[in-house]
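Asks: The structure's right below; bear with me while I get my questions together.
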Amino acid sequence: MTFNPTKHSHCRYNPLKDEWVLVSPQRLQRPWAGLYSACLHSVLSFLCVGRVEDDANDNDEIANDESQKNNPLCPGVTRPSSKEPNPFYEHTFVFENDFPALLAEIPDPSNDEKTAKDDLFQCHAARGVCKVICFHPNSRLTLPRMTLDDIAHVVRTWLDVYNDLASKYQWVQIFENRGDIMGCSNPHPHCQVWATDFLPNEARIKHKTQKDYFLKHNGNVLLLDYIQRELNDFQKERVVIEHEHWLVVVPYWAVWPYETMLLPKRHVLRLSDLTPDEQVGLGKIMKELLIKYDNLFKTSFPYSMGWHGAPTGSMINDDCSHWQLHASYYPPLLRSAKIKKFMVGYEMLAQAQRDITAELAAQTLRDLSGEVHYKEKKNTK
């Protein structure tokens with residue numbers, strides 16, 4: 001018997017996180033009798049708006065015309081914790097989260113001699129700020145259905161907020177949770193920015209792994225080497241989109257079914273280092289990727305995404321040449337708009353596991369249109 005990665009279980013190494021993922025392609029024919037996401041969604045839709053939608057994830061289209069005047073993220077609406085109404089913004093709108101997970105001004109925990117030397121019960125203050133960025137005044141729109149000009153405003157706002165917080169905090173985490181299946185509490189198009197005076201776990205791990213690779217390989221950057229290998233040694237089999245300045249790839253070590261990584265093709269440490277052309281190109285490739293996602297299962301494709309780059313704040317002047325800016329998209333849908341992957345059991349207790357191979361996922365996404373959204377096709381019929 002000869003090993004075949006499309007048929008036989010195997011483990012793949014993730015050098016960015018120093019961990020392994022179990023790949024089990026032989027499970028693709030497994031019958032499914034578990035939870036369909038539409039079940040919960042249907043109950044919530046009926047309770048909220050008195051009807052059930054066919055699309056389990058199209059919360060951008062559910063009663064948003066009616067809720068626009070009451071949605072706390074919409075123009076002119078007064079948020080519960082604010083005394084003033086939101087401005088009648090035309091593009092993006094930034095405000096501090098009304099229910100932040102971090103506070104800027106807090107005292108240090110007690111640092112007596114006993115707790116300072118305790119290896120089992122350690123604690124440090126977590127200072128920071130949480131902001132919300134509304135992408136657009138219209139609650140019915142998501143990024144793939146916005147114009148390139150709309151998305152350009154989003155990119156510029158990311159940079160403005162990032163630059164402001166990077167001068168004060170070690171880590172600035174921009175992230176978007178899209179869809180109620182990902183825990184998004186409001187369907188209005190928006191993202192969040194959490195800035196902290198410490199490196200969170202993911203950043204701390206990637207800071208170490210990229211530096212270790214940099215030192216071991218005579219100053220080579222891990223993700224730049226990875227890009228070159230994908231483009232030159234593997235016939236682009238995991239590449240989804242390639243533009244002049246940007247690349248979208250399903251990582252060799254991907255965990256989520258249709259996980260992708262978006263990264264610049266030149267060495268870039270932080271969002272603030274992007275050139276004007278790269279900023280324009282970013283908007284174009286994001287729109288193309290997200291149209292492909294939506295077209296996959298003809299649904300408003302849910303995901304969590306976020307940006308990782310070199311640390312900032314007190315570490316801004318450190319040598320971070322080992323870093324490469326990148327964004328990760330983690331979508332949970334597996335077989336259809338109603339069946340998601342669950343990270344449970346073996347994944348919680350042992351290590352991550354996936355069924356569909358990264359190569360098959362990349363081919364599937366690559367073959368989809370990234371120019372015409374499926375809802376635009378509907379509207380032209």
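Cβ atoms are placed via backbone N, Cα and C, with glycine included.
As annotated by TrEMBL, domain 'Galactose-1-phosphate uridyl transferase N-terminal' applies to 2-200. Annotated region 'Disordered' per TrEMBL: 59-81, in sequence order. Taken from TrEMBL, the feature active site, tele-UMP-histidine intermediate covers HIS190. The annotation domain 'Galactose-1-phosphate uridyl transferase C-terminal' is assigned in TrEMBL to 207-377.
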Asks: Count the Cβ atoms, other than its own, that fall within 10 Å of the Cβ of HIS190 (active site, tele-UMP-histidine intermediate), considering every protein chain shown.
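Replies: Excluding its own Cβ, the number within 10 Å is 21.
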Asks: Within the domain 'Galactose-1-phosphate uridyl transferase N-terminal' (2-200), what mean pLDDT does the predicted structure show?
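Replies: A mean pLDDT of 83 is what the predicted model shows over the domain 'Galactose-1-phosphate uridyl transferase N-terminal' (2-200).
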